[in-house]
Amino acid sequence: MSPCQHSITPQPVAGVRVGSVCAGIRQPGRPDLTLIELAAGSKAGAVFTRNQFRAAPVWIAERHLSSNAPRYLLINTGYANAGTGERGEPDALACCRAVADNCNCAPEQVIPFSTGIIGEPLPVERVAAAIPNVCADLREDGWEDAAWAIHTTDTRAKQVSLHFELSGGPCTITGIAKGAGMIRPNMATMLAFIATDAGLSDTALDRALRHSVGLSFNRVSVDGDTSTNDACLLAATGVGPEIEGEGADFERFQAALDAVCIDLAKAIAADGEGASRLVEVEVRSAVSSAEAEQVAFTVAESPLVKTALAAADPNWGRVLAAVGRAGIADLDVNRLRLFFGEQLIAEHGGRSNNYDEAAAAAELARPQVAVTIDLQRGNSNATVWTCDLTAEYVRINAEYRS
């Protein structure tokens, strides 16, 4: 079979149409309402935030997905419809009914998603008034506009497509995502919408999605905060080749879905609020995957590590201090090795004999930085993506509601 064709321009997916319009939800003049139409018979699965303070649309989306064949995904930016008390769910349902009335489907076939300010009510009347316009905008090539419409503090669109061959014919996976702050998905504010023309059973779709999310979105942290609205949805229209839950076709599909999700996750980390560089923290030779993740996240979320990275300052002691407080009780620090890029920084409990400050600083000045921690105590590895922490992050979040 031919290799995957990768595109940063989102490609159409058979059985999917996408529309985006300006509804004036919070900021006049910018697209802020997106509708994704799925062909009849499509299947969809999703993973949602584990934050206990879940937004109203998360509850509705989970309920609708569990009992109905989805036809429409409705996404608004500006207001998260979280922390809105008793009116939150009725407002989300009213938006679903507005789509149903215009699109001749059941309200339960509409899956709502919201992102934006927490604690402010959703302007339902503006959403409802814009539904006819967003329905009229539905088109196969609407993915790129949607990637911009769903963003809040993002500075770039996050989008990717993969086209590849299966035994039953060609297959496409296209995904878009948003997220730049409040990012520590645990299924930041993070939303991701992925569609494929493949045909998958509910079980196979759910298994594929959870595997990919575990390797991607759940390995990202910008600031350690988990949003009230996180969601990642995978829709399969079945217009293309059917895929069994086992075998070569499923393995190829899984690998492609993993690649799409990892691309989107890394794009979220790279676009962290105020970030100047993408940081990949890899922990090697841990006793277990859980241990490797624990160490990687402790380093990735350390404010002292992240501010040093912002200055391209090879302050390796901060990294070792983070590793030391990661909760690994029997860690032998004398076995640990630390690398910045290809540069060996620390070993045997202290600075490497070949340490070169200028070379280490040069590694950290790159737009993509690699921090590798080799624990030398097992066979498990984990990678987490994050970014540096700059004064711009403080400014963005201090001014977010103004």
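Cβ atoms here come from the backbone N, Cα and C positions, even for glycine.
What TrEMBL says about this protein:
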- THR152, LYS178, THR189, GLU273, ASN397, SER402: substrate binding site (BINDING)
- THR189: active site, nucleophile (ACT_SITE)
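Taking the features listed in TrEMBL, we show where each one sits on the structure.
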residue	record	CB count, 10 Å
THR152	substrate binding site	22
LYS178	substrate binding site	27
GLU273	substrate binding site	25
ASN397	substrate binding site	15
Which three-state DSSP class does ASN397 (substrate binding site) fall into?
helix
